[in-house]
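If you look up Swiss-Prot, you'll see 107 marked as active site, proton donor, on the strength of sequence analysis. Marked as substrate binding site by Swiss-Prot on the basis of similarity to another entry: 48, 70-72, 105-114, 347, 366.
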């Protein structure tokens, strides 16, 4: 898709990742830019393996070379859903150890109330272990706003651990932190509250009853309290040097374009993605796309599309979204680059994706996973993708 950006590149294409930190509107985007500079890596591994043990082993081996690990939890056999010791928790420990962010490629698409539950509840509780997720916005921009609300609510509650205790007494409603906590306690109260009567006789010979009420209460304690027991071993709690741990904020990538042959995501859809991103900068980090969309206009994407809205030049120029692009594949030394996998996936080299098309992070899957030496191949991709980024800056300087 040709755009005016080819002759007038957006400022974000010229700046270093370190320089773009200053203009970032999302804490996680700022962190990722700094992490990329520290590791000199703009590589994401698409870890599409079939078993949890293979996923964890691959993340541990390739972690030093990447800044993002992309997962599909629902295709993993043996995924342990335990919130503290399960697969998600172990991935989070590896992310801290090696310095990368976890991107769950969930592609949410549904009404707002449904995606909120899919994101923060259910068996996987994606929000708790994945820094980043993504969405297909065919369901509308309101879905993005709903996910942002769910992430914010989770973020506000995360500094505290909920402690449940059983005591004898009368419950007081204002002891509960919020409406949700009160609802949870009410459910517990139904289970454990018992009215027990024992028959005795008073001194005058009359029967009397002694009534005992057992009450469940909840208190909140800071998550860093020394009284809380660690659920991951100390060896797994190593932290990558050179940068602090990632912020607890959560981020969304909007699926704006795909590389599969015959993809139905046309220019009108991509333009709606751009509008949704600009309206939700506090939650949207950027895009999964095939080109750089910073500063893009409706005329460049869908000139005949009448949406009744307009974007000012100032709004377009303020864009500083991060871009990730899949389908990256390097040929063996001395061979030409492959064009695809025969299943609709179209491949691109790091230079084409990062230097020419302007993406920030190259996503690589089978090129690393199926290699004889995945860590060594990951390093080869890291070097090539980083050089493509340096070449882009030099070319546009």
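Heads up, residue numbers simply count up from 1 along the chain you see.
Each residue, glycine too, has its Cβ placed from N, Cα and C.
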Check your understanding: Who sits close to residue 109 (substrate binding site): which same-chain residues at least 6 apart have their Cβ under 8 Å from its Cβ?
Key -> 115, 135, 136, 137, 138, 139, 143
Revision key, fill the gap. Lowest 10 Å Cβ neighbour count of the binding-site residues 71, 113 is held by 113
Check your understanding: What Cα-Cα separation, expressed in whole Å, is found between residue 107 (active site, proton donor) and residue 113 (substrate binding site)?
Key -> 16
Review point. If you draw a 10 Å sphere around the Cβ of residue 111 (substrate binding site), how many other Cβ atoms fall inside it, taking every protein chain shown into account?
Key: 12
Practice item. Determine the Cβ neighbour count for residue 107 (active site, proton donor): the number of other Cβ atoms within 10 Å of its Cβ. Key: 14
**Study point:** Site of maximum Cβ density within 10 Å, from binding-site residues 48, 105
**Key:** 105
**Study point:** Conformational class of residue 113 (substrate binding site) under the three-state DSSP mapping
**Key:** helix
Practice item. For residue 48 (substrate binding site), name the DSSP secondary structure in the helix/strand/coil scheme. Key: coil
